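Participant: The following feature annotations were taken from Swiss-Prot:
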DOMAIN    1-54  domain 'ClpX-type ZB'
BINDING   CYS13, CYS16, CYS35, CYS38  Zn(2+) binding site
BINDING   PRO119, THR120, GLY121, SER122, GLY123, LYS124, THR125, PHE126  ATP binding site
Amino acid sequence: MAGNRSNDIKVHCSFCGKSQDEVKKIIAGNNVFICNECVALSQEIIKEELAEEVLADLTEVPKPKELLEILNQYVIGQERAKRALSVAVYNHYKRISFTESRDDDDVDLQKSNILMIGPTGSGKTFLAQTLAKSLNVPFAIADATSLTEAGYVGEDVENILLKLIQAADYNVERAERGIIYVDEIDKIAKKGENVSITRDVSGEGVQQALLKIIEGTVASVPPQGGRKHPNQEMIQIDTKNILFIVGGAFDGIEEIVKQRLGEKIIGFGQNSRKIDDNASYMQEIIAEDIQKFGLIPEFIGRLPVVAALEQLNTEDLIRILTEPRNALVKQYQALLSYDGVELEFEKGALEAIAGRAIERKTGARGLRSIIEETMLDIMFEVPSQEEVIKVRITKEAVEGQSKPILEIA
């Protein structure tokens, strides 16, 4: 309620002491008054304190070995990729802390965004999520295939930033130190090395648009998403300290690597090194191969850290099912334990689940759906069968040849 200037008694701000005649407005509370100037000042103080809290958090970033230990609790395999990510993430946040306190003549540390290359279900998204969670920073996921360059029907790249701002509860200072994971980046590769003379709505044009926010810019983001409109209020966000991790399967890139290494299959009758079809060339990938695949040189240059993930084998998938803190087997065992029922997966069952995931080429992300198929009837029936004390999942149950074995009290 504003003070009434027609009254003889003047109202004064309880904080700065200014009268109602010296300020634009005074708000009355329970025996307390505050002027518009003190409201604005308090908002500025809160904003600065929030920013200081964000910076304070960054001074306690785990060391690379500590980050690796955290990743090992949740992510099986991919040792080289986990090491590369741990070092890159640590250096990124160390750079932010250094930049905030450096002198003008100090070394200017460049941002090291990350490119993850690996088959579907190898753990790219999960690695990025786990890192963000362990650092307690805002995290957003975007799909590159939904993006188009400005002026075309589709999603503007700025909407990626809106997702991060929303993940930070609209605290822009926190969002400016968050992590964004852009998936399916290989799907916006050019169709060839030569620049096309036609418009490339979802390829090179999107790479150019992403390039601007990845390398660092002050972007204007519509608060409600969608396209920008004249006279629309915008959120300003500086992307120079946002860590961008982009990932994709890059199907066929190993053939490009083989060609570069001189191991391309040569016609009949000619001498050539024999190719080991079971060998992986993922760790041999260099920038030249990625450019040949279809990413533009400027875009590759902003992704100096390349983490290659291998195809997960049967042993890896079994470990994923059983070892991590949030392993699927542990989750289902916990669910049935709430009904007083013990759940056991035989070794053959685990091998069958892993084998199905490999057959379907879904990797780790396909494990849950396979277990759901196997467990559906059990999860439906057992809670009503009080006499059941244990459920045993066999290989035959996974393959649909028989039902799981129930043990009765």
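Using N, Cα and C of the backbone, Cβ positions are placed for all residues, glycine too.
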Participant: Measure the Cβ-based neighbour count of CYS16 (Zn(2+) binding site), defined as the other Cβ atoms within 10 Å of its Cβ.
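Facilitator: Its Cβ has 13 other Cβ atoms within 10 Å.
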Participant: Would you please pick out, from the binding-site residues PRO119, GLY121, GLY123, the one with the fewest other Cβ atoms within 10 Å of its Cβ?
Facilitator: PRO119
Participant: Distance check, please: Cα of CYS38 (Zn(2+) binding site) against Cα of THR125 (ATP binding site), rounded to an integer number of angstrom.
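Facilitator: Given the Cα positions, CYS38 (Zn(2+) binding site) is 45 Å from THR125 (ATP binding site).
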Participant: Please give the average pLDDT for the domain 'ClpX-type ZB' (1-54) in this predicted model.
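Facilitator: Averaged over the domain 'ClpX-type ZB' (1-54), the predicted model reaches a pLDDT of 75.
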Participant: Using the centroid of the Cβ atoms of CYS13, CYS16, CYS35, CYS38 as reference, list every other same-chain residue with Cβ within 8 Å of it (recorded Zn(2+) site), in sequence order.
Facilitator: SER14, PHE15, GLY17, LYS18, VAL23, ILE26, PHE33, ILE34, ASN36, GLU37, VAL39
Participant: For the binding-site residues THR120, SER122, THR125, which one has its C-beta crowded by the most other C-beta atoms within 10 angstroms?
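Facilitator: For the binding-site residues THR120, SER122, THR125, the Cβ with the most other Cβ atoms within 10 Å is SER122.
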Participant: Can you list the residues of the same chain, besides PRO119, THR120, GLY121, SER122, GLY123, LYS124, THR125, PHE126, whose Cβ falls within 8 Å of the ATP site's Cβ centroid?
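Facilitator: Counting only non-site residues, the set is GLY118, GLY247, LEU309, GLY363, ALA364, ARG365.
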Participant: Out of CYS13, CYS35, CYS38, which has the highest number of nearby Cβ atoms, where nearby means within 10 Å of its Cβ, if these are the binding-site residues?
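Facilitator: Comparing the binding-site residues CYS13, CYS35, CYS38, the most crowded Cβ belongs to CYS35.
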Participant: Once the chains shown are all counted, how many other Cβ atoms turn up within 10 Å of the Cβ of LYS124 (ATP binding site)?
Facilitator: 25
Participant: Considering only the binding-site residues PRO119, GLY121, THR125, which residue has the minimal Cα-Cα separation from CYS16 (Zn(2+) binding site)?
Facilitator: THR125
